[in-house]
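Colleague: Per TrEMBL, the feature domain 'PTS EIIC type-1' maps to 2-389. As annotated by TrEMBL, transmembrane segment applies to 12-33, 39-65, 72-94, 158-179, 200-227, 247-268, 303-327, 357-377. Summarising the annotation, TrEMBL assigns domain 'PTS EIIB type-1' to 403-485. The feature active site, phosphocysteine intermediate is assigned by TrEMBL to C425.
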Amino acid sequence: MRKILETLQPLGRALMLPIAVLPVAGLLLRIGQPDLLDIAFVSAAGTAIFGNLGILFAIGVAVGFARDGNGAAALAGVTCYLVSTTGAQTFLIAPPEVVAGLPDAAGKVVAQAWATGQIDRLEVPIGIISGLIGGKFYNRFATIALPEYLAFFGGRRFVPIAAGIAGLLLAGVLGYGYAHISSALDAASHAVVESGGAGMFVYGVLNRLLLVTGLHHLLNNVAWFLVGDFGGATGDLGRFFAGDPNAGAFMSGFFPVMMFGLPAACLAMYHEARPERRKAVGGMLFSLAFTSFLTGVTEPIEFTFMFLAPVLYAIHAVLTGVAMTLMDMLGIKLGFGFSAGLFDYVLNFKLSTRPWMLLPVGAAYAVIYYTLFRFFIRKLDLATPGREKGEAVAAAGETAAGNERGAAFVKALGGAANLTSVDACTTRLRLIVADQSAVDDAALNALGARGIIRPSANATQVVLGPIADLVAEEIRGAIGGGAAAVSVAPAQALADEAVTLPAEILAALGGEANIRALQALHGRFRVEVVDAARTDEASLLAAANGAVSPQPGVYHILHD
């Protein structure tokens with residue numbers, strides 16, 4: 001299970017890059033439509049983004065998976081996507097009724113348009129697969145050395161070439177297997193529709209439970225970009241903006257929870273805080289509630305009680321499932337480009353079905369959340385904000401800012417030498433560290449962390465709210481600007497000891513002649529190799545307790 005999580009979590013993180021474009025697309029599409037500003041070129045700009053989601057996912061996932069986010073990975077992802085989609089179209093033959101009665105020239109054009117439309121139904125999953133190929137191939141082949149007469153095509157230039165070849169294979173799979181793939185998607189869509197309220201309930205509960213690991217993005221991508229078809233638009237989100245009156249089932253249920261339920265939960269936590277602590281936590285809880293109501297960003301609230309009061313989180317997950325079912329039963333169809341907040345509710349009001357019904361449902365949800373949270377906090381003496389034992393943590397961003405904040409985070413995370421990968425999604429830092437024991441949880445809490453998750457031996461996620469991406473940039477800047485000055489003791493080299501690699505690890509690294517530099521750190525080796533292509537990464541992982549490569553030719557290898 002841990003291996004599966006380690007494999008899927010980078011995908012969840014990588015998906016956030018292309019998804020971040022959707023709010024802009026939704027905004028442009030809506031404000032340009034006739035019922036608002038009626039500006040055709042603005043609406044067309046939004047349509048262009050929704051019409052090219054496959055390419056956006058190919059680029060975003062490739063960059064997200066590439067070791068250093070290099071543009072060569074994005075080029076490889078796009079190459080694979082174009083080769084696979086265009087190649088797959090040639091395998092498809094339009095049904096006779098599509099071209100019936102048309103002259104040959106017109107028939108060819110219509111048949112090609114039909115084939116393009118069929119493949120476009122799969123553009124998002126093809127884009128994700130192409131991005132995975134681009135990113136993985138970059139990590140594998142970016143340092144490949146070819147014979148001298150082909151040296152120009154070596155290194156990073158080889159990555160798009162290899163991805164193009166992989167695209168040919170993918171085109172064959174898509175072309176030959178399209179009938180089966182299409183039938184499976186149709187069957188899945190019908191199953192979801194026929195499941196009715198039960199299916200909505202399961203989706204809502206799983207969506208909140210998977211939030212803990214960050215894998216809810218994978219579930220959302222299936223619902224928002226694959227399920228259903230309306231005039232060529234696929235997925236709940238695409239169909240909603242294309243004007244499908246039945247779209248929005250996988251989005252509507254979030255509105256009463258995010259706009260009303262969780263803000264009411266914040267009020268309940270404020271009222272249940274100890275009197276002497278209410279002033280200290282009131283500002284934080286009000287800010288979190290206001291953010292949830294306006295924008296639908298809820299993770300900072302959820303992580304205030306997710307681990308300290310898991311019974312409340314279980315209740316929250318069940319109530320989310322109930323909201324999905326209730327909104328579906330009432331025929332309320334709402335949608336969003338970003339999340340279920342007031343901004344999206346107002347912007348997409350005229351596209352929605354029975355949107356005014358959100359108000360009574362939301363009011364009921366506010367009462368339910370407030371009542372249940374107050375009851376269980378008091379009954380079980382739960383350690384929600386303002387009721388913690390010991391010293392209180394600082395509010396987010398209170399202790400440091402700018403470069404100072406970046407350096408403070410580097411220090412809290414064990415120093416620059418302990419960080420092998422720094423990334424972020426919407427609300428959390430996603431980090432790979434060499435030594436978990438070097439991470440100072442108390443210092444992170446003092447810097448404003450709402451929660452700290454360790455999904456695997458080397459992965460750490462720090463929940464910060466919407467400032468996560470900014471903090472990630474500040475951390476990278478602090479590392480590049482000499483953050484080693486604030487690193488901590490566990491990363492000091494053991495200079496006095498003789499450094500010897502185990503024979504199996506040495507062989508996997510290409511032998512002694514391939515070792516350029518070797519350092520023994522507490523619990524790990526840092527190795528630089530002459531030629532990364534001579535490294536057998538599979539054998540290395542088998543011989544070591546764990547290994548990561550923060551950049552081509554450099555390996556951090558865990559040992560006993």
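From the backbone N, Cα and C atoms, a Cβ is placed for every residue, glycine too.
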Colleague: Taking pairs 6 or more apart in sequence, does the count of Cβ pairs under 8 Å between the transmembrane segment (158-179) and the transmembrane segment (200-227) hit 3 or more?
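Modeller: Contact absent: fewer than 3 Cβ pairs fall under 8 Å.
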Colleague: Would you mind listing the long-range same-chain contacts of the transmembrane segment (303-327), meaning Cβ under 8 Å and 6+ residues beyond its ends?
Modeller: 197-198, 200-205, 207-209, 212, 249-250, 252-257, 261-262, 265, 269, 288, 334, 361, 365, 368-369, 372-373, 376-377, 380, 382-385, 388, 450-451, 463
Colleague: Determine how many residues of the domain 'PTS EIIB type-1' (403-485) DSSP places in helix, in strand and in coil.
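Modeller: Once the DSSP states are binned, the domain 'PTS EIIB type-1' (403-485) shows 38 helix, 20 strand, 25 coil.
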Colleague: Would you mind giving the whole-number mean pLDDT across the domain 'PTS EIIB type-1' (403-485)?
Modeller: 82
Colleague: Starting from the Cβ of C425 (active site, phosphocysteine intermediate), draw a 10 Å sphere and report how many other Cβ atoms land inside it.
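Modeller: Result for C425 (active site, phosphocysteine intermediate): 23 other Cβ atoms within 10 Å.
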